[in-house]
Amino acid sequence: MTIMDGKALSEKILKEIEQEHSELEKKAGRKAGLAVIIVGENPASQIYVRNKIRACERVGFHSETIRLDENISEESLLLEIEKLNNDSNIDGILVQLPIPRHIDGLKVINAISAEKDVDGFHTTNIGKMMIGDETGFLPCTPAGVIQMFEEYNIDLEGKDVLVIGQSNIVGKPMTLLLIKKRATVQVCNSKTKNLSEKLQKADVVVAAAGSPKLVKTTDVKEGVVVIDVGINRVDGKLWGDVDFEEVSKKASFITPVPGGVGPMTIAMLIKNTFKSYKQKIDN
Ligand SMILES: Nc1nc(=O)c2c([nH]1)NC[C@@H]1CN(c3ccc(C(=O)N[C@@H](CCC(=O)O)C(=O)O)cc3)C=[N+]21
């Protein structure tokens, strides 16, 4: 059994970007820049945003955090985005989700210039992913999972993959990227019948349901590859969607929580921001 070390792999990726960036920065005369907008005080969001800013510092990027009151109007938020769209020191913009319910999330995401949408949530980037146009940005979590498969030489061609969860930010894009790898993908949601039976047939499981210890030993087959995208805070402790302790006994490869997909998500955000920077300084 191999524990897939997302922390170590993300460090490796960040180190490479740091080096390449320090070279380019001299020629370009400016650093790559990421702006993070956070609306309200969601405690989990605070942690993730802090980790993102820390990663920027780690690789020598410029970063800005824009903290907005949870009662801000949609109009004012859109104005903030417009300023960043027009800011030539900013290559990547992200609005940390979730945002308050009185604001139209889709409208906000699509207000970000597609060329700066380093989350890969903009309609244009989703379209590019769908059709295989590689000039766009891939959503960070699914891209990070694919990167882990590649690092550990896990071939997905012809594999039966079970994706649990169908969110716009993980399950749906994950499915598209797995299809591109020629996997046979089945997508489950909370209405799915006989999840346990489906799990038993899967060669690879991607758990992104947000339900602690949903995937148990009895559910999986010997040698399964398990990717745990879940991040559940229970009594101040962090749990994935997988019962790691037990399932790791049967798995050939498994990601831990923390230290698995989370750090890879952040590495992909940095990678997307760097890609955007390179596209912009080339022009
Ligand atoms: N616009 C937007 N883009 C996102 O990419 C986005 C978002 N909104 N909203 C929330 C989710 C969640 N997400 C994580 C990022 C890092 C860790 C991470 O660093 N995890 C650490 C543990 C950190 C901890 O203590 O919680 C780990 O797994 O080792 C987790 C989750 C990004 N998201």
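A Cβ is built for glycine as well, from the same backbone N, Cα and C atoms used for every other residue.
Under the heading domain 'Tetrahydrofolate dehydrogenase/cyclohydrolase catalytic', TrEMBL lists 4-119.
What TrEMBL lists as domain 'Tetrahydrofolate dehydrogenase/cyclohydrolase NAD(P)-binding' is 139-280.
Secondary structure at Ile231 (NADP(+) binding site), as computed by DSSP, is coil. Within 10 Å of the C-beta of Ile231 (NADP(+) binding site) we count 21 further C-beta atoms, all protein chains included. If you look up TrEMBL, you'll see Gly165, Gln166, Ser167, Ile231 marked as NADP(+) binding site.
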Sequence-ordered binding-site residues from Gly165, Gln166, Ser167, Ile231 with Cβ under 6 Å of an atom of ligand 1: Ile231
Check the DSSP secondary structure of Ser167 (NADP(+) binding site), expressed as helix, strand or coil. coil
Near Gly165 (NADP(+) binding site), which residues of its own chain have a C-beta under 8 A away, given they sit six or more steps off in sequence? Gly171, Cys188, Asn189, Val206, Ala207, Ala208, Ala209, Gly210, Val229
Enumerate same-chain residues with a sequence separation of six or more from Gln166 (NADP(+) binding site) and a Cβ-Cβ distance below 8 A; give 'none' if the list is empty. Lys172, Thr175, Val187, Cys188, Asn189
Intrachain C-beta neighbours of Ser167 (NADP(+) binding site), sequence separation six or more, cut-off 8 angstroms: Ala208
